[in-house]
Amino acid sequence: MSPTPLKVAVTGAAGQIGYSLLFRLASGALTGGAPIELRLLEITPALKALEGVVMELDDCAFPSLAGVEIGDDPEKIFDGVNLALLVGARPRGPGMERGDLLSANGAIFTAQGKALNKVAADDVRIGVTGNPANTNALIAASNAPDIPKERFSALTRLDHNRAISQLAAKTGAAVTDITHMTIWGNHSATQYPDLFHAQVGGRNAAEVVNDQEWVESYFIPTVAKRGAAIIEARGSSSAASAASATIDAARDWLYGSAENDWVSMAVVSDGSYGVPEGLVSSFPVTTKDGDWSIVQGLEIDEFSRGRIDASVAELEDERNAVQELGLI
Ligand SMILES: NC(=O)C1=CN([C@@H]2O[C@H](COP(=O)(O)OP(=O)(O)OC[C@H]3O[C@@H](n4cnc5c(N)ncnc54)[C@H](O)[C@@H]3O)[C@@H](O)[C@H]2O)C=CC1
Ligand SMILES: O=C([O-])CC(=O)C(=O)O
């Protein structure tokens, strides 16, 4: 008998990220080919477009796709889901920061948090991609009091992957030689991609690069502002790379991160590294069997401390703003 399919909800399924994400999920990229059932949530006016996407999913005849359900009612779509990928939200346009989306998108995550609280499976994990991702995860978690807060995370894996790619290009190493990369803080222009703990072929990345000017003036801003550069070039925000990172993050969370390495995930802070408890902030984490733990004991020098603190201060401002809006 084939195993019970993993029930995965995707919100905003008719959007640009959805158009890449659904086909990767259905082809087995998350489950390694084990059966997956897709539960796709959209707003009512987008359901017709979503029907077209489902026709295309059918036409791929993916062996691992065990079923697809679509709808506009979160309580129906989230019923019994083991994983919810919350992608659906308005993207930013040119000249906007992701934080500008707080009030527009915050309400979506209040309603979805409540629905997940009511109907999701007991083992549910919730990954938030929709921006501003960290604070949307905080909103969803705050509205789902029966789901442990550790089950919510926000996506900084795209930033993590961007940082790996930039470091590989600079050093001539293969991406597979880059390990121990960390994104700290918010998925925003204040994020801190940290080269001081990263490694290239087992050697300290900052020492291999040996160019603090490149780190400060090129590497950090290129990674932190990559989303804006893509919007500028493409006219719309990153989609296929965001879908790919959403899968990388979910796969590692459910099935475990690589031995002798770590990944970046925005998770609820327990106070580690001076990040106030309760904020959803990106940390170096290892994952195993659906649980994550923050890597402990890393030395944080003055430069890194300043960068982490600046991003965390922005997260505190976002938390205050959504508190004032009554969303948490
Ligand atoms: N964390 C990250 O690394 C990244 C996050 N993003 C964010 O992901 C989000 C989605 O991006 P795109 O797919 O490009 O946007 P899009 O506009 O193409 O698609 C969003 C979809 O969400 C749907 N939607 C809106 N409200 C909804 C609701 N209440 N329930 C269900 N669906 C709803 C819309 O109808 C639309 O089809 C944006 O907020 C974007 O900024 C994008 C790239 C990277
Ligand atoms: O920049 C944006 O608005 C979309 C996004 O989050 C990213 O590409 O990192």
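Placement of Cβ uses the backbone N, Cα and C atoms for every residue, glycine included.
Bear in mind that TrEMBL entries carry predicted annotations, made automatically and left uncurated.
Values in this document were obtained by computation on a predicted structure and should not be read as measured data.
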| remark: Out of Asn131, Asn134, Asn136, Asn204, TrEMBL lists as part of the substrate site with Arg92, Arg98, Arg162 the residue Asn131
| To the nearest whole angstrom, what is the C-alpha distance linking Ala14 (NAD(+) binding site) and Asn131 (substrate binding site)? | 17
| field | Model confidence over the domain 'Lactate/malate dehydrogenase N-terminal' (7-150) (mean pLDDT, whole number) | value | 96
| message | Using a 6 Å cut-off on Cβ distance, which of the binding-site residues Gln112, Asn131, Arg162 come close to any atom of ligand 2? | response | Asn131
| said: Measuring Cα to Cα, how many Å separate Gly130 (NAD(+) binding site) from Arg92 (substrate binding site)? | reply: 10
| note | The correct DSSP tally for the domain 'Lactate/malate dehydrogenase N-terminal' (7-150) reads 66 helix, 26 strand, 52 coil
